[in-house]
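Chemist: Got a structure for you, written out below as structure tokens; questions coming shortly.
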Amino acid sequence: MTQGSVRGGACFFAFACPAGILLRRSYVDQPRAEIRRRELASEPGVRQLPRLLGAPRRVLMGEQRVTRIKDFHGVRMSGTDLDGAAGMLVQSNMFLNDLAGLVICVVLSFLWLFLWQQAREQEILSSQVVRKVIHITTAPAFLLLWPLFSAHPSARVFAALLPFFTAVRVFVAGKQLIPNSKDTIATSVSRSGAPAEALRGPLYYIVVIVLTTLVFWRDSPVSAILVCQMCFGDGFAEVVGKRFGTTKWWWSKTKSVAGSAGFVVGAFSSSLVFLTYFGNLNLYDTETLWCLLFISIACSLVELLPIGDDNINVPVTAAALSAFLFGF
Ligand SMILES: Nc1ccn([C@@H]2O[C@H](COP(=O)(O)OP(=O)(O)OP(=O)(O)O)[C@@H](O)[C@H]2O)c(=O)n1
Ligand SMILES: C/C(=C\CO)CCC[C@H](C)CCC[C@H](C)CCCC(C)C
């Protein structure tokens, strides 16, 4: 593989992802959702919950929460809502849809990891840079592909199969369970090149993605917020900290004030982009923005902790705070 093809591949993804976001944006109609939210809020039987630590007021009607736009696909018929042959047809189409979605994700995942592995092996980029690029990009790229899956309740299980088997792969490679295996996944995500290193940060990262997919999926803003804090927040902290981080926090030898500022800016701005993409949070509400900023600052502080692993501490904090402030 030549330097040109590595650069070509990188350019393709660099252009494809923003283009996907723009396309997606054009058909998630946020203003319409806002009108619907107001309509529902003014209907009899709807009650407003009191503010909770400045969290956006949640308007509930029975069990339905209307500050968020529940289904990513808008109103969409689910096979489980239909009886008889029509239901079976819709369900089998959804099954094929999810299978195709999974195949596309698997192929892109292999290509993406292969590209960066090659960049490392050809010494175009250092192992540090490759590891950080993989850390920042893979989970967000996976989230960007979630719209490929159907509205069927089992779609999240299909999607979770990719990170689940990637975790198995990293575990097997990290433990070197298969002698003379050619799988380089563990070495390409370890800083020192030792496969066992992949059993910590990288494996925690993938397990977090499996759980996020199964528990929150695209219905909940928690997924996008959690992934942005873990990937862009932590990633920007290192990039900005290494470049501008001369003033360190007084208790730390490595973590800098500039790094933490990079965390907040990276996590907050990427959360806005991803929440816009999924359209499941009302970003026209200034309180929502304050809550997002609060979550980003809290996660940047957690990132400074000398205990535990950032790939656990940060997503757990982000999930707890966003579930509390925005709901599941
Ligand atoms: N708040 C922060 C965080 C990171 N950094 C910079 O980024 C480097 C790596 O930080 P970090 O990602 O926390 O290091 P590790 O935990 O060792 O790496 P990883 O998260 O990739 O496992 C630090 O040495 C420091 O130069 C910083 O300046 N300020
Ligand atoms: C280096 C990493 C963390 C260290 O802090 C991240 C390791 C990432 C894994 C090797 C790969 C994860 C795969 C994804 C969950 C699925 C990606 C799909 C996509 C289409 C690229």
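Using the three backbone atoms N, Cα and C, a Cβ is placed for every residue, glycine included.
According to TrEMBL, the record shows the following:
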{"type": "TRANSMEM", "residues": "99-117", "note": "transmembrane segment"}
{"type": "TRANSMEM", "residues": "129-149", "note": "transmembrane segment"}
{"type": "TRANSMEM", "residues": "155-172", "note": "transmembrane segment"}
{"type": "TRANSMEM", "residues": "201-217", "note": "transmembrane segment"}
{"type": "TRANSMEM", "residues": "257-277", "note": "transmembrane segment"}
{"type": "TRANSMEM", "residues": "289-307", "note": "transmembrane segment"}
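Situate these features within the shown structure.
Modeler: If one looks beyond the transmembrane segment (99-117) by at least 6 residues along the same chain, the residues whose Cβ comes under 8 Å of a Cβ in the stretch are 6, 9-10, 13, 125, 130, 133-134, 137-138, 141-142, 145, 148-150, 155, 158-159, 161-162, 166, 184-185, 188.
Sequence-distant contacts of the transmembrane segment (129-149) (same chain, at least 6 residues past either end, Cβ-Cβ under 8 Å): 13, 17, 20-21, 24, 72-73, 97-98, 100-101, 104-105, 108-109, 112-113, 116-117, 119-120, 155-156, 158-159, 162-163, 188-191, 205, 208-209, 217-218, 223-224, 227-228, 230-232, 234-235, 238-239, 270, 274, 277.
Packing against the transmembrane segment (257-277) from elsewhere in the chain are residues 21, 24-25, 28, 30, 140, 143-144, 221, 224-225, 227-229, 231-249, 283, 289, 292-293, 295-297, 299-301, 303-304: each is 6 or more residues past its ends and has a CB under 8 Å from a CB in it.
If you look at the transmembrane segment (289-307), the same-chain residues 6 or more away from its ends with a CB under 8 A from one of its CBs are 54-56, 225, 229, 233-234, 237, 249, 252, 255, 260, 263-264, 267-268, 271-272, 275, 283, 313-314, 317-318, 321-322, 325-326.
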Chemist: Where else in the chain does the transmembrane segment (155-172) make close Cβ contacts, counting only residues six or more beyond its ends and a cut-off under 8 Å?
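Modeler: Same-chain residues near the transmembrane segment (155-172) but 6 or more away: 94, 98-99, 101-102, 105-106, 109, 142, 146, 149, 178, 181, 183, 185-186, 189, 198-199, 202-203, 206-207, 209-210, 213-214, 217.
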